[in-house]
Every structure is written in structure tokens, then in C-alpha cells.
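Taking it in order: structure first as C-alpha cells, then the write-up.
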Amino acid sequence: GPLKPEITITYIAVSAIFFNSGLSLKTEELTSALMHVKLHLFVQIFTLVFFPTAIWLFLQLLSITPINEWLLKGLQTVGCMPPPVSSAVILTKAVGGNEAAAIFNSAFGSFLGIVITPLLLLLFLGSSSSVPFTSIFSQLFMTVVVPLIIGQIVRRYIKDWLERKKPPFGTISSCVLLMIIYTTFCDTFANPNIDLDKFSLIIIVLIIFSVQMSFMFLTFLFSTRNNSSFTPADTVAIVFCSTHKSLTLGIPMLKIVFAGYEHLSLISVPLLIYHPAQILLGSLLVPTIKSWMVSRQKAQKLTRQPKAPVKV
């Protein structure tokens, strides 16, 4: 079409989002968050190891159902995706959680995803001799890593101006992301060969919400154990970063890894559903999680206060 998504989306739009992220990410906050190794390990292992493995086991049970097999494969691709740069950070900030940790893990997860996600996709969905590894990594490097680094470099020179003007980075990324979602939906549902039955679609939507709720609850339980050493603010970042998946990186990656694949449209559908679902669910839970964090922080402050001496 006139939007030329094969150029504007694949290269320009994705590069713009990560350049925008590079400009908006505060280098000093990322540096201070770097030392919280235990939190980073938890998020990345849960996101890139436990999540895709758990989905794969779950799909073994679903494979005997009449749900469309390509939508089920699409669920597996969701599990293989890295955390997003934007939504997890925005929701963590809205709650008042550890924003620096969320920023670091989102950015670091995107870097890891460039290498790990294509490997996971090929591992769980079957490898193909026609998959061009060199072109996958080179294209992702040029559209994700390079713009992010350039954004950080540019930020160093215009930092004062950015602090004064406070450009609407979130709005810019959201507009570009909306364009990516729109063109992907067009690609998906304009395909005359797409065989999408309503039953399978409704079940997939219910599964996606169930998976998100279950994994958010699971990460909450693990991060609030007595011996976890995570603060309430850390828990907020963990819950969002571990369960959110990147559409920005995911859709271009699927288009690269499965270029020319007959069922690419159907495989993309669960990821297209997962992204708005995670934002909607996260937004609804913000007040509840915020009240929990505040009450927990107050309780911790009270327990740390020295007890008054007892008068005899």
C-alpha cells in the first residue's frame, strides 16, 4: 500500500522507536541499576527460559484440542519474546516501583532478545535451512542496537535541553507503535488465505489473559518470599518486566525469521492480542499494586524503627 510498510515499518519505524528509547533512557539510572544482579537474573531467566518452556508444556496439552494449530504456534512465539522497552517501564513508573531496574531490564532484555529470541523460535517451532541467520542478526542490530546507542550518544550532548523541554517520548513511541500494529493487522487480515475461526480466536484471548494473570501472580509470590531480599519497589518492576512481551521487537523479528512463511499471519495474531492485553491488564492493576506497595513500605519502616526503652 501507500504506507510502504516493508520499508517504513521494517526499518524506519522500528529504528525510530529505539532511537527514541536511547534518547529518553537516563544513562546514570541504568548505571546505578546495573549492580542489582539478582533482580536482573530473576527477570531475564523467567522471561527467556521459564516463560517459553512453560508455554511449550502447556501447548502439549492444548495440541489435542480443536484450537487452530497456527494460533497455538503463535502463543509459543509470544513466550519466546523479550520484555518490551516501553509498557513495563510506564506501568512500573505509574505504580512508583523501581523504575531504573525496569528500564535496565527492558533495554537489556531487548539486547538479549536479538540473539536468544530467534534461537528460541527455531528451537520450539522447528528450524529451517532457509532461515538467514546472518540477515536476522544484522537487520536487528541495525534497527535496534545502533539506534539505541546513537540515541544515548545524542542524549549526552543535548541532555540539558531534554531536561528543560521534556519532549513527549512516550507519545512519540506510542504513535509509531500504533502504526506498526495497524500495518501488521492489515497484513494479517488482508490475507485471503487466512483461516481464522471465531472459536479459536476467543479461546486464545482467554488463554492470553489467564497466562498473564497466572505469571504475574507467580512472579509476585517468588519476589515477596521472606528470603528473596527484594524490596516492594523491586517486586513491582519484576512483576511487569517478567510478564510483558515486546511487540516492537517481536513483529519485525517474526517477519524476518518467518519471511515468506505461509502461516505468518496466523502466527502473528497472539502477539498482536498479547500486547494490548498486557497494557490493559496492567493499567487495571496499577491502583491495587500501588496500595500494596505503599502499605508494605510503611510496614517495613515501622519494623526498622528502634523500640523505645521501657521505663522501670
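Any Cβ shown, glycine's included, is placed from N, Cα and C.
Copied from TrEMBL, the annotated features are:
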TRANSMEM  6-25  transmembrane segment
TRANSMEM  37-58  transmembrane segment
TRANSMEM  103-124  transmembrane segment
TRANSMEM  136-157  transmembrane segment
TRANSMEM  169-190  transmembrane segment
TRANSMEM  202-223  transmembrane segment
TRANSMEM  235-258  transmembrane segment
TRANSMEM  264-286  transmembrane segment
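Using a cut-off of 8 Å between Cβ atoms, the transmembrane segment (264-286) and the transmembrane segment (202-223) share at least three residue pairs, counting only pairs 6 or more apart in sequence. Nonlocal intrachain contacts for the transmembrane segment (202-223), taken as residues 6+ away from its ends with a CB within less than 8 angstroms of a stretch CB, comprise 42, 46, 51, 54-55, 58, 62, 67, 71, 74-75, 78, 230, 234-235, 238-239, 242-243, 269-270, 273-274, 277-278, 281, 285. For the transmembrane segment (235-258), same-chain residues at least 6 beyond its ends with a Cβ under 8 Å from one of its own Cβ atoms are 9-10, 14, 17-18, 39, 42-43, 46-47, 51, 77-79, 81-88, 91-92, 95-99, 101-102, 105-106, 109-110, 113-114, 117-118, 121-122, 131, 135-136, 139-140, 143-144, 177, 180-181, 184, 212, 215-216, 219-220, 223-224, 264, 267-268, 271-272, 274-275, 278, 282, 289, 293.
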